[in-house]
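*Asks:* Provided herewith is a single structure, encoded as structure tokens, for subsequent inquiry.
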């Protein structure tokens, strides 16, 4: 199914397509293929439908170890596509300090520190010159705010004043700087599969991540990009079920190549 125009998305209210809504027009099926989750374009005054020369930005979203890097690597050698990986190396080394590791070990103390730097570095990702017609980004400034800052606050790890300041800064960025995106690809993975993959790749900072953390991140992603009950999405959303093994995931990426890389498929209805 092709995406509706961004203008029509702005006019529609988000509708539930999450688990538990079976029988409704937006309910999810149990198949392995992709599904389109209708979203409200936001902010609505950034409709670029008639800007034919605009370069396109696609954000690959998902939980920790959901397969984002694999997806980006799959498309990295495609002509006219550039890839921006999440700037994790920066988060691991700020003048010799590792705020990512500090946050995982003591989120109450270091949550604001890390998320302040994440917001800065993701802003840099969004605003750096784009050289190719299509840019694929690992996550976005939106998920930094709507998923990871939100999780710290809801979990009681971030004081309300820190949350308010980060939120106000984020809102100012969105109002005054072009950080718009054209499509969000959500790699929908169960926390149990993410936990298995996380343990297999054995990254140092991730050794202390509990299953409960992955469940919390998963719930927020579902609220944001599937149910539409958290925050409005920044762009239309393509959901790909991503619990499969590597071979199957590569097949799904190939099957969805045109949907992910072709702007015309994002702007016109079925």
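Just so it is clear, glycine is given a Cβ too, placed from its N, Cα and C backbone atoms.
Quantities reported herein were computed from a predicted structural model and do not represent experimental measurements.
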*Asks:* With Swiss-Prot as the source, which of 1-54, 55-108 is set down as region 'Disordered'?
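*Replies:* From Swiss-Prot, the annotated region 'Disordered' range turns out to be 1-54.
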*Asks:* Taking the mean position of the Cβ atoms of 62, 63, 64, 65, 66, 67, 68, 69, 70 as the ATP site, which residues outside that list, in the same chain, have a Cβ no more than 8 Å away, listed in sequence order?
*Replies:* 71, 187, 189, 194, 197, 242
*Asks:* Cβ-Cβ under 8 Å from residue 70 (ATP binding site), same chain, 6 or more residues apart: which ones?
*Replies:* 246, 249, 250
*Asks:* Which number gives the other C-beta atoms within 10 angstroms of the C-beta of residue 64 (ATP binding site), all protein chains shown included?
*Replies:* 19
*Asks:* What kind of secondary structure is residue 70 (ATP binding site) part of, going by DSSP in three states?
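*Replies:* Where residue 70 (ATP binding site) sits, the three-state DSSP reduction gives helix.
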*Asks:* Per DSSP, residue 64 (ATP binding site) is which: helix, strand or coil?
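*Replies:* Note: residue 64 (ATP binding site) is coil by DSSP, not helix or strand.
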*Asks:* Taking Cα atoms as reference points, which of the binding-site residues 64, 66, 68 is nearest to residue 138 (active site, proton acceptor)?
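*Replies:* With Cα distances computed to residue 138 (active site, proton acceptor), the winner among 64, 66, 68 is 68.
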